[in-house]
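Participant: According to Swiss-Prot, the disulfide bond annotation covers 39-62, 48-67, 52-69, on the basis of sequence analysis. Summarising the annotation, Swiss-Prot assigns domain 'LCN-type CS-alpha/beta' to 25-88. Annotation source Swiss-Prot lists signal peptide at 1-21, citing sequence analysis.
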C-alpha cells in the first residue's frame, strides 16, 4: 500500500514538472544581409551579447551555431528595424508629428 502511494505521488510530481515550462521567448537576430549571425563558441560569449545588444536586448548566447537573443521581439529581428526602433538620433529618425 505504501509503495503504491509513493509511486502515485512520484508520478504526479513528475508530471507537474513537465507541464511547467521554463522556456524563455526569443529569436535569432538577422544581419544586414538577412542571414542569422553564425557563432563558433557555443553557450555564453561576448560576440552574441554584442549582437543582441545591437538588436535592443540585453542578453544572448550561441545556440545551434547561431546567436540567440532572449526576449527579442519579432519587430526587432531585422537589423535595420531594430536600429530604427532603438536609435535615439533625432536627425536620422525625426520624431513623428
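Glycine is treated like the rest: Cβ placed from N, Cα and C.
Keep in mind that this is a model prediction, so the values were computed, not measured.
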Participant: How many of the residues that make up the domain 'LCN-type CS-alpha/beta' (25-88) does DSSP mark as helix, as strand and as coil?
Facilitator: 20 helix, 16 strand, 28 coil
Participant: Want to know which disulfide-bonded residues, from 48, 52, 67, 69, are within 10 Å of residue 39 (disulfide bond) at Cα; which are they?
Facilitator: 48, 67
Participant: Return the count of C-beta atoms lying within 10 angstroms of the C-beta of residue 52 (disulfide bond), excluding that atom itself.
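Facilitator: So the Cβ neighbour count for residue 52 (disulfide bond) comes to 26.
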Participant: Whole-number Å only: compute the distance from the Cα of residue 67 (disulfide bond) to the Cα of residue 52 (disulfide bond).
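Facilitator: Given the Cα positions, residue 67 (disulfide bond) is 8 Å from residue 52 (disulfide bond).
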Participant: Do you know which of the disulfide-bonded residues 39, 48, 69 has the most other C-beta atoms within 10 angstroms of its C-beta?
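Facilitator: Output for this query is 69.
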Participant: May I ask for the distance between residue 48 (disulfide bond) and residue 69 (disulfide bond), taken between their Cα atoms and rounded to an integer number of Å?
Facilitator: 8
Participant: Measure from the Cβ of residue 62 (disulfide bond) and count the other Cβ atoms within 10 Å, all protein chains considered.
Facilitator: 21
